[in-house]
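Q: Below you will find the structure I want to go over with you.
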Amino acid sequence: MTIYLQQLKQYCDNTFSYIEDYTFNGLQVEGKNEIKKIVFSVSLSELLIDEAIRRGADCIFVHHGFFGKSFTKIQGPLKRKLQKLLVNDISLFAYHLPLDAHPILGHNAQLCNMAQLQIIKPLECGFICGNALNLTLSQIAEHINEHIPSKYAISQSGSGPLLPTHQFNANIYKFGPEIPQKIFICSGGSGDYLDKAIREQCDLFVLGEPKEHLIQAAQEEQLNLILLGHWRSEQPGIWAVMNDVAEKLGVQAEYIEIENCV
Ligand SMILES: [Zn+2]
């Protein structure tokens, strides 16, 4: 089925609320008016654009699009990516923080459902969740893994107080109770939000990509960590939007997986 670019813009405007961000959210590059196929992926790259062209896509939807708010130097890889989009008349939509924070379709809401936890309230772009089923750390990681399995293996080397248990493609740092009761889920590069998890007296922080100091700081606060990986933790929202777009607009939608183990 063919839809119009304006319909997709309208869908996005209705779906995502405005959140102050360091990037433009929405239609970043305008392509052709008629859309037969949309491809979805986590991050914009030249690889992704090449694959979108190969698949005959009219539109690309990503979480990490062109970052920044001013393009004053269009050279090198940026020029090539823009040129490929414009020459092929492909639109680019990117939703960053509004997709993290969406209460149903967002990465964090989806992760919360996958883990079988219950949303209590939003915090930054993530959610504070409860654990009504009294799941253990391993069960939470396992539930998430059932929905986002990974082809890359994580192996443990050495042993020490700050090394994680690698289970279900997640790094589990058991610094607190085996059965956490108050969980902060925040996907992607959310390591800076450790203080917020502590202030909320959480006993588990589920995140994508940590900062170096996070591990010891969490240990000192007896806060459990489950590290999922940045890219891996930011697929669920893309899948949810893809399914929603296909269902509501009836347009062909495909996921392009460009795996990234960070
Ligand atoms: Zn991210």
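Keep in mind that glycine also has a Cβ here, set from the backbone N, Cα and C atoms.
Automatic, uncurated: that is what TrEMBL annotation is.
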Q: Looking at TrEMBL, which one out of His63, His143 binds divalent metal cation 1 in the same site as Asp100, His230, Glu234?
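A: The candidate from His63, His143 that TrEMBL ties to divalent metal cation 1 along with Asp100, His230, Glu234 is His63.
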Q: According to DSSP, which kind of secondary structure is His64 (divalent metal cation 2 binding site) found in, if we only use helix, strand and coil?
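A: The residue in question, His64 (divalent metal cation 2 binding site), is strand (DSSP, three-state).
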Q: Just jot down the residues in the same chain as His64 (divalent metal cation 2 binding site), at least 6 apart in sequence, with C-beta under 8 A of its C-beta; none if empty.
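A: Listed in sequence order: Val42, Ser43, Leu44, Ala94, His96, Glu234.
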Q: Starting from the Cβ centroid of His63, Asp100, His230, Glu234, the recorded divalent metal cation 1 site, name every other residue in that chain with its Cβ within 8 Å, sequence order please.
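A: Going along the sequence, the neighbours come out as Val42, His64, His96, Leu99, His107, Ser187, Gly188, Gly208, Trp231, Ser233, Gly237.
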